[in-house]
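Record features, source Swiss-Prot:
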- Asp12: active site, nucleophile (ACT_SITE)
- Asp14: active site, proton donor (ACT_SITE)
- Asp12, Asp14, Asp133: Mg(2+) binding site (BINDING)
- Cys96, His98, Cys104, Cys106: Zn(2+) binding site (BINDING)
- 1-169: region 'Histidinol-phosphatase' (REGION)
- 170-358: region 'Imidazoleglycerol-phosphate dehydratase' (REGION)
Amino acid sequence: MSLSQQAILFIDRDGTLVEEPPIDKQLDTLAKLVFEPMVMPVLTQLQNAGFRLVMVSNQDGLGTDSFPQVDFDLPHNKMMDIFASQGIVFDDVLICPHFPEDNCTCRKPNLGLVKDYLQQGKIDFTRSFVIGDRETDIQLAQNMGIVGIRYDRDAKDWPAIAKQLLASSRIAEVVRKTSETDIHVKVDLDSQAKSTIETGIGFFDHMLDQIATHGGFELNLRVDGDLHIDDHHSVEDTALALGEALKKALGDKRGIGRFGFALPMDECRAECILDISNRPHLKFEAEFSRDTVGEMATEMVPHFFYSIAQAMGLSLHLSTSEGNAHHQVESLFKVFGRALRQAIQKNGEALPSSKGTL
């Protein structure tokens, strides 16, 4: 996710945020203004979790004699004032005033209302949703390439929607293809299912499994690299793809520990201190007793951690003592996994930064 991409909820108005008047389907008086149950606390909860709110509504014939603008404005403005009084802010209110027979490009499920969001790259497609009570809302979501959620006061109310959105697994998938490597990586930070790792380098597979096991997440990784030359591109590009996937899965980083520290001791004394700060840096201290372990060059170990720090935005301090080269390298991957486990663990929705962003 780039800095400009955001998790956005595109929310229908009538029948979703407020009750749709059952007789004439027009919210044109204050007497008809009735909020859907629990919409206020749930929108507050979702907003605090980092979701941006955008209202998207079809209003048939708005501005015509059948639905004068002044009749629309009074209850609509009161609704917006009430939302604002509870700290609920909509970044945009997007309204199509046309009838279906006008064949406009902005009426849902057409994309006219949300065109700027799509063209300007504002949407994080993995964490954005359309919420509405009609099939046209679900069709809009499909046309946008995001997930649609069908609101229903009885079958799928606002608390149920909140549960679905806030419990969404932190999953990310990255495909990286270059002239040297073809990599497919998928991570699930909230699953501890058995990982599947195939890089073509047995010892490297074992090390990556240490990160996933001690990091407490599921990793599925396949690498097809130019191993007939050497291990450089496969190790480097794996680190870049894995770092990108981890960063993507963390989303806006709300609720994470951010910092990690681990100091396990076996034959080798390894130490890792890390900060998911989006300010990449590596300080690495190790003197390996051999040039290779298995089919992996030990000179690629610091390069792996440098690359993953760059891709994930880590400030990373990593060291190990003298010892058997296999145990030295393994201690580094283990200690990194243990520190990462602390840093990515989620507890609440607060952003762990006084700057308001990470």
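Glycine too: its Cβ is placed from the backbone N, Cα and C atoms.
Distribution of Swiss-Prot features across the structure.
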residue: Asp12; record: active site, nucleophile; contacts (Cβ under 8 Å, 6+ apart): Met55, Val56, Ser57, Lys108, Val130, Ile131, Gly132, Asp133, Arg134, Asp137, Tyr151
residue: Asp14; record: active site, proton donor; contacts (Cβ under 8 Å, 6+ apart): Glu20, Pro21, Lys25, Leu27, Ser57
residue: Cys96; record: Zn(2+) binding site; contacts (Cβ under 8 Å, 6+ apart): Ser57, Asn58, Gln59, Cys104, Cys106, Arg107, Lys108, Gly112, Leu113
residue: His98; record: Zn(2+) binding site; contacts (Cβ under 8 Å, 6+ apart): Asn58, Asp60, Gly61, Cys104, Cys106, Arg107
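Taken residue by residue with DSSP, Asp12 (active site, nucleophile) is part of neither helix nor strand, so it is coil.
Local packing around the Cβ, expressed as the count of other Cβ atoms within 10 angstroms, is greatest for Cys106 among the binding-site residues Cys104, Cys106.
Other Cβ atoms within 10 Å of the Cβ of Asp133 (Mg(2+) binding site), summed over all protein chains shown, number 20. Excluding the listed site residues Asp12, Asp14, Asp133, the same chain places Arg13, Gly15, Thr16, Leu17, Glu20, Ser57, Gly132, Arg134, Asp137, Tyr151 with Cβ atoms within 8 Å of the centre of the Mg(2+) site Cβ atoms. Same-chain residues that are not part of Cys96, His98, Cys104, Cys106 yet have a Cβ within 8 Å of the Cβ center of the Zn(2+) site turn out to be Asn58, Pro97, Asp102, Thr105, Arg107, Asn110, Gly112, Leu113.
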